[in-house]
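Some features that Swiss-Prot has for this protein:
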DOMAIN    2-184  domain 'tr-type G'
BINDING   14, 15, 16, 17, 18, 19, 131, 132, 133, 134  GTP binding site
């Protein structure tokens, strides 16, 4: 036990977490130089391209230290993005230590801090590391100062290294061995193993990544999953080095994988506890919670006959992503599709991108919405995740919307513009503090404002320097209304949005104006209206195309011309009664791009 160290690496996007992991694996001989490639632990293409880590991965390494002893290092790679914060907290609770990687040229950023606080709350020993010291603009002294000011941990002896060139990586491992305590646990006690992650393998079913806290797990054991109460027979156990290697057993303190012939990912929930029968553990490990989707959007196939293919693709994605929810939905404008729930905006983008990329789907996506709670007059509570399902306003007592606490970090010259942005988004300031040249702002902002375009706007007002993370706080009553878009007085359900009343007039006008540019001219006039309930708040017209019916007249009597024009008018009127307006794909995207004033 004394020679085991379980650790993970915490860092903001692009601070060099995966590269450092690569170097540590290489140094410990986990992979030969031939098998080594950049970002070994990021197994999805999209992870490598966006430079983010989505799923947790592990590597069990052996390292011969300078004191001559051989240590077993278990590296648990964590996702860094706020959407996956639950996965981060599970990965961290499986560790005793965490390397806090800070880019020496950029200093501390929001997600570093968010994950670092999670680590400190879980009682994990944090070891600061300064990366990218080979860069000419690196400023280690300033970075150390920021770590001490912002996070409040002692960083005077932070290890400098450069993951890219490999310089100082050994010192990082030595510091890790010196500062991180070995795991505690009793190998002879009843089994308690924490599921850090799980994914689906086509050959063996669900593979669970576990950290054994107490006890020993062997093949042929009867495993019991405590959250669901399901029983399975363990088929094989082993470790990743990062290639999978089978072992005879996993004992307390170790991290490895378990295969137990589970067919559905839903059965192996991240954060659940595995124990064995007949000697089962008294209680599960703390910290398990069901992950709830926060952002909803409709996904529709462009071709109606692709509906089944889309269902299959979503099913396949769900095999590897238990937090993705979906249910069938019908829209008059878009036909059959699915209402999908995501953890956050990044999660939504990734799912869309994987559907388009890995499954070749052409998709129409509706505007993302959040979940509202509606207090009805008769005292019942309804949750609404789709604007089209909002009950009749006359039956509603109050609408509650989700509020999130947002932490923003930025250089002080951008504070003014970031505060302006937060105020536009109906935010209320909670706190503001200066750390050297960095400023930390804390705001409470309605989640609906964040899912629209907050992140993009934040990056543009701060020239890319601001970083943010957010967490759900509570539901609060709010004066929000549903704005419907009518085309030739037919409601287009997929274009409905829920907005704050103060912004509804502007929003309605803008959307109508945008639609007018996008809808192609028809053979008859098309009226585009925005309405709240039965109140029309904006209207735009798309003028009809018409043939010049007088071209063949040359002079001639006025009554002849009138007759031709009247005839044309009557024809257009008939057309309008039977015609339907095709709404192009861009119209649905246009809704997303309406800037707030």
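Every residue, even glycine, has its Cβ placed from backbone N, Cα and C.
Where Swiss-Prot records a feature, it is marked here on the structure.
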residue	record	CB count, 10 Å
16	GTP binding site	23
18	GTP binding site	24
131	GTP binding site	31
133	GTP binding site	20
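Look at residue 131 (GTP binding site): DSSP puts it in a strand. Secondary structure at residue 16 (GTP binding site), taken from DSSP and collapsed to helix, strand or coil, is coil.
Within the model, the domain 'tr-type G' (2-184) carries an average pLDDT of 74.
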